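J.: Got a structure here, written out as structure tokens. Questions coming.
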Amino acid sequence: MPITPQQALQRTIEHREIFHDEMVDLMRQIMRGEVSDAMVSAILTGLRVKKETIGEIAGAATVMREFSRRVEVTDRCHMVDIVGTGGDGSHTFNISTCAMFVAAAGGAKVAKHGNRSVSSKSGSADALEALGAVIELQPEQVAASLAQTGIGFMYAPVHHPAMKVVAPVRREMGVRTIFNILGPLTNPACSPNILMGVFHPDLVGIQARVLQELGAERALVVWGRDGMDELSLGAGTLVGELRDGQVHEYEVHPEDFGIAMSASRNLKVADAAESRAMLLQVLDNVPGPALDIVALNAGAALYVAGVADSIADGIVRARQVLADGSARACLDAYVAFTQQATAQG
């Protein structure tokens, strides 16, 4: 028998787990709009207070994928998503968005799932719009973009229409809930590989094991000790790596890759315009901390995508495509594609 919302709430109050199959039933009820706003809010709060388990997160992610508008891709070789949970409060420029162009130029196919701002002054969607890209592409247009440019950006509201059901509740609550954790797990192109930044150290191991349960091939889940949801220059970075079906947790430092440490305040921006300017400086290969952190994260993406044999090798490849202009050319090609695709209807 499916679990009722009342039973689920009682479980959270008692700090007991909602088992995987029960979570699947519960999330289907929520996504179909069968659970009241008051009850949704109570359950989300209860889950947050007791702390979501691997089974609960995996069950909820399974349903979100089920309700999404998929991007059909035939060749997933070297495909990777570069994504963060947001919520780290760092207000940096769009590091993962910039790394997307570098990784694509380096030989990965980047199927990036993103939205508007959460923790930065400019989310991935905001940044791409500031660069001239059209973000609200339909699934078949995203698939074509991925095939032609090596990049497919999936704007979350287009691909997760069922999320409209819980949007008012989330907005009114104004706090992190399980949905902040679910976004990076629900890539509509079903990318088998992922570089994921998280906002809390506990999530490094949890999200890596959720991805393991969801059938991901390879993953790097990262949290910088300075609070960044990226591989950081300002401190060590905790890493949960999924490879060959096993999860290994370890720590890396910028010095491990011959990169100088630099505080995250050197990467801060005030708005989308400043973020755009810094992103373009990186793609034009202007030396500095911004270039270094993008090379580091793009290198990690190339490693997890299977293009590079190690993060260090990936960084070398990233610096090559930044230096020879390939990364900037990748941005220009992607923006042109989105504009043309929209003009053609």
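Just so you know, glycine gets a Cβ as well, placed from its N, Cα and C.
Not my notes, these are from Swiss-Prot:
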BINDING   G84, 87-88, T92, 94-97, 112-120, S124  5-phospho-alpha-D-ribose 1-diphosphate binding site
BINDING   G84, N115  anthranilate 1 binding site
BINDING   S96, E230  Mg(2+) 1 binding site
BINDING   R170  anthranilate 2 binding site
BINDING   D229, E230  Mg(2+) 2 binding site
J.: Of S96, N115, the binding-site residues given in the record, which has the fewest other CB atoms within 10 A of its CB?
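T.: Among the binding-site residues S96, N115, the lowest count of other Cβ atoms within 10 Å belongs to N115.
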J.: Among D229, E230, all listed as binding-site residues, which has the most CB atoms within 10 Å of its CB?
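T.: The most densely surrounded of these binding-site residues is D229.
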J.: What count of other C-beta atoms do you get within 10 angstroms of the C-beta of R116 (5-phospho-alpha-D-ribose 1-diphosphate binding site), across all chains shown?
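T.: Here the count is 17.
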J.: Of N115, R170, E230, which binding-site residues come within 10 Å of S96 (5-phospho-alpha-D-ribose 1-diphosphate binding site), going by C-alpha to C-alpha distance?
T.: E230
J.: Considering only the binding-site residues G84, H113, N115, R116, R170, which fall within 10 Å of E230 (Mg(2+) 1 binding site) when distances are taken between Cα atoms?
T.: G84
J.: Which of the listed binding-site residues (G84, T92, H113, R170) has the least company, meaning the fewest other Cβ atoms within 10 Å of its Cβ?
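T.: Per-residue Cβ counts within 10 Å for the binding-site residues G84, T92, H113, R170 bottom out at R170.
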J.: For the C-alpha pair, I'd like the distance in angstrom between N115 (anthranilate 1 binding site) and T92 (5-phospho-alpha-D-ribose 1-diphosphate binding site), rounded off.
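T.: Pair distance, Cα basis, whole Å: 16 Å.
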J.: Would you kindly give the Cα-Cα distance separating R170 (anthranilate 2 binding site) and H113 (5-phospho-alpha-D-ribose 1-diphosphate binding site), rounded to the nearest Å?
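T.: If we compare the Cα positions of H113 (5-phospho-alpha-D-ribose 1-diphosphate binding site) and R170 (anthranilate 2 binding site), the gap is 19 Å.
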J.: Determine, from DSSP, whether S96 (5-phospho-alpha-D-ribose 1-diphosphate binding site) sits in helix, strand or coil.
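T.: DSSP assigns S96 (5-phospho-alpha-D-ribose 1-diphosphate binding site) to helix.
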J.: Where the distance is taken from Cα to Cα, which of the binding-site residues G84, T92, R116, D229 turns out closest to the residue listed as 'anthranilate 2 binding site'?
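T.: The answer is R116.
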J.: For G84 (5-phospho-alpha-D-ribose 1-diphosphate binding site) and D229 (Mg(2+) 2 binding site), what Cα-Cα distance in Å is obtained after rounding to a whole number?
T.: 6
